[in-house]
Every structure is written in structure tokens, then in C-alpha cells.
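What follows is a set of notes on a single structure, which appears directly below.
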Amino acid sequence: MPTLHRLTSLPPLPDRIWQATVHPTLPILALACADKAVHLFSLTTFAPLSTIDGGHKRSVRSVAFKPSTPSAPEIVLATGSFDATAGIWRHDNVNAENSWDGPVKAEGEDDEEEEEDWRFAVVLEGHENEIKGVAWNAGGDKIATCSRDKSVWVWEEMEEDNFETVAVLQEHSADVKAVCWHPEEDLLASASYDDTVRLYREDFDDWTCISILSGHTSTVWSIDFEKPHPSTLHDHSHSGPCTHTHESTTSRLVSASDDTTLRVWHRTSLPATKASRGLTPSIIRGQVLEEEWETQSVLPQVHTRAVYGVSWSGRSGRIASCGGDGKVVVYEEREVEGDVQESTDKPAEAAAEGAEETKEDEKKKVPAKKTEWVVIAELEGAHGVHEINSVTWSRRWDKDGKEGDEILLSAGDDGVVNVYTIE
């Protein structure tokens, strides 16, 4: 069985770390800290890069990098704080030759020059209470924020440093803990103290809830969508691995809960409007989109206390979790033998009309592969006696890494980030 090997630990920060996040294309790690600042580290040397502060009056609870594009190569951060505001930070010294190894300073030299490269560009105000989560969409033109005020806000960047509120979603009945965007679609997910995950899409000019994922029996703390990847799944019935790719039409999401469980949800039908199903569309909201999502798997029970963080690797397809029990756990999806019922994905009304014609088809089974999730690595007391708030996967950038290698990072109440390899 593989083991989690601690590669290194970053220098401890002065207070607890709420969230760790990695830039999608650069070797930069950002840490949201209770000391009201964001701390940046290099993933090539694991050295500190800079500390971004002065924008928030209370703890920075969440942080997210804007996806870079060829037309917009700038480095932009969004932060969410307990002071009920979100901030947009821009790095004004983008240099394609920057190795992001960390500053090499002479004796007595400080970080002022590097920190001055970060500009607090915009403050986003509107939430009534602490902001718990912030996330950019894949296109980099929208931000979602969520709060203890039970709301999810969607902001759109109209032009540089100008954001407009395009939606205030008040579907949850309690504190909203996290938000996450689909990696390829403008599909937004939120997780809440009300034990549910909710999904939203834009319907013309209105954002609306299109699905409610119910199954957890306590607070949902963290969520993450599966990234598009060809994952190598181990096939126990054959001598070698086989490649298995999940397409966008069968998108999946993982949720982590206070009930100590993790669930993998999958979309069982593509978006459809009420009108297309023969139903009367809402006059106010128009043809409201609806999607069907179901629990596909409940991951093996390992955690004994609340699961606070979850991350789905875009490289290996593995899932990592962490929580109040001080454990870091890694799960892998493997193929097993079995037949899978062929699905027509037809609405109930349509299926009823052609019941006789499809009776034989419904009984028909096709050879296919089922999968199961197994625990491949577990580390107890990863941060000593401290709770662990966040885990995230990253490409391995340091000099000892090889092409395709990845690392796992965990961040806890002790202000420490641990870096692991799986060996």
C-alpha cells in the first residue's frame, strides 16, 4: 500500500491557515491566514515569496487565483474575509522569465519591493456577514462569494477593476461554507450548514438553482469538481491498468461533510428546460434549467470527525481529504468487473409513453466497467494535535520532480503547510 511521505514543511505562519490554493499554471502557493494576510510561497524552492496584507480588517478565510489566459497573462488573486468583504489583488510586475524561486536577499534586505508589486485593486462589498468562500470561474470573468449571511453572490468583471453584481442567490437556509465552479462550464456549486449542495446556472439574465444535492446529515464543509483528465484506473481482472475518461456530460463533484463522510455525485442528465419537458415555464425566471444529480459513491469511511477539506486531482484523478481528526487521506478509483444497466436518460413522462417498446431494452445489460473507491494512503496526526483545514493537489515543480509527478499539500490550525509525495 502506498504511503504519504512528507517531503518538507513550510516555515510556520503566525496564525492558523484556513485555505491553501495553487496557481493553475505557475509554481505559486497562496495561503489564507487568520493574521489578516495572504502568504505566498514558491513551489520550486518552497521559499516565501511575499506577504499581502493591509486589505482586510479580519482573518482572510479564502483565496483563489484567477485563471491566466494568453490574452490576460496577469496574476490576480481574490480574497474573502471575515470582515464581510472580498478583495481583488493584482501583481503589477508580471515577468515571463520570473522563475518564482523566491527572493534572494542580501543581509538586512526586506520584502518591501516584492510586496509592493501586489496592488489592492478592488474591494467587493455587499455581504452582511463573514465571507467563507471565493472562487473564479474557468473563463476568469466571474467570481462567486459565499457568506454566513446564507447567500451566494456572483460578480462579473465588466472591465479591469470594475465588477458588477449579477446575482444574489439566497437558496440556502443556513451559513454557506464554500463555492466552486465547474472546470469547463459556467456551473456553480455551493455547500452549506443546511446539509446540502446546490447547483446554479444562468438562465438568460437570471441565475437560478437547478439542482439540490441532498444526502449528507450534517454541514457540508468543502466541495470540488472533477477536472477533465484521462485517469489510469487499476483493473483487478487484468494484468495492467486501463484508461478511463469521464466526459463533461457525466460531470462529477465530491463533497466533504461534518457527518464524517465524503460523497461523489454525478450528473445523470444534461441540462433541460421545463418547456422542453412539456412543463409550464416560470413567467418570472423564464425557461428554468434543471439537472439531475445523484450520489454515485460514498467513499470508504476513515474520518472520525468533521471532514473540512477535499481536493480532486486533475493529474491522477485521486481525491484527498482532511479534517478535525488530524488525518490526511488519499482515495483512488479502481475498476472492478461487473455489468452496468444501460440507461436511456429519458424523463419519466417520456419513458411512460414508450414503456412497452423499451421494456426489453431496460432489461438489457451491456458489458461495462464499474468502479470503486479505495483508500490508498492515510496519515494520522499529520499536524500533531491540530485540526487540518485544507488540502490541495499540485504539479511537482521542485528540481527533484519528474514529468507527471504531483504533490499534496495540507494546511492546519498550527499555521504549517506540509508537502507530501505518495510513494
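Heads up, the Cβ atoms here are built off N, Cα and C, so glycines get one too.
Going by TrEMBL, these are the annotated features:
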COMPBIAS  232-249  compositional bias 'Basic and acidic residues'
COMPBIAS  356-367  compositional bias 'Basic and acidic residues'
REGION    95-115  region 'Disordered'
REGION    232-253  region 'Disordered'
REGION    336-367  region 'Disordered'
REPEAT    124-156  repeat 'WD'
REPEAT    169-200  repeat 'WD'
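In terms of DSSP secondary structure, the repeat 'WD' (124-156) contains 0 helix, 18 strand, 15 coil. With a threshold of 8 Å between CB atoms, the same-chain residues lying at least 6 positions outside the repeat 'WD' (169-200) that come near it are 132-139, 142, 144-148, 150-154, 207-214, 216-228, 248, 251, 253, 255, 257, 265, 291, 293, 314.
Mean model confidence of the repeat 'WD' (124-156) amounts to 97 (pLDDT, 0 to 100 scale). For the repeat 'WD' (169-200), the number of residues in each DSSP class (helix H, G, I; strand E, B; coil) is 0 helix, 17 strand, 15 coil.
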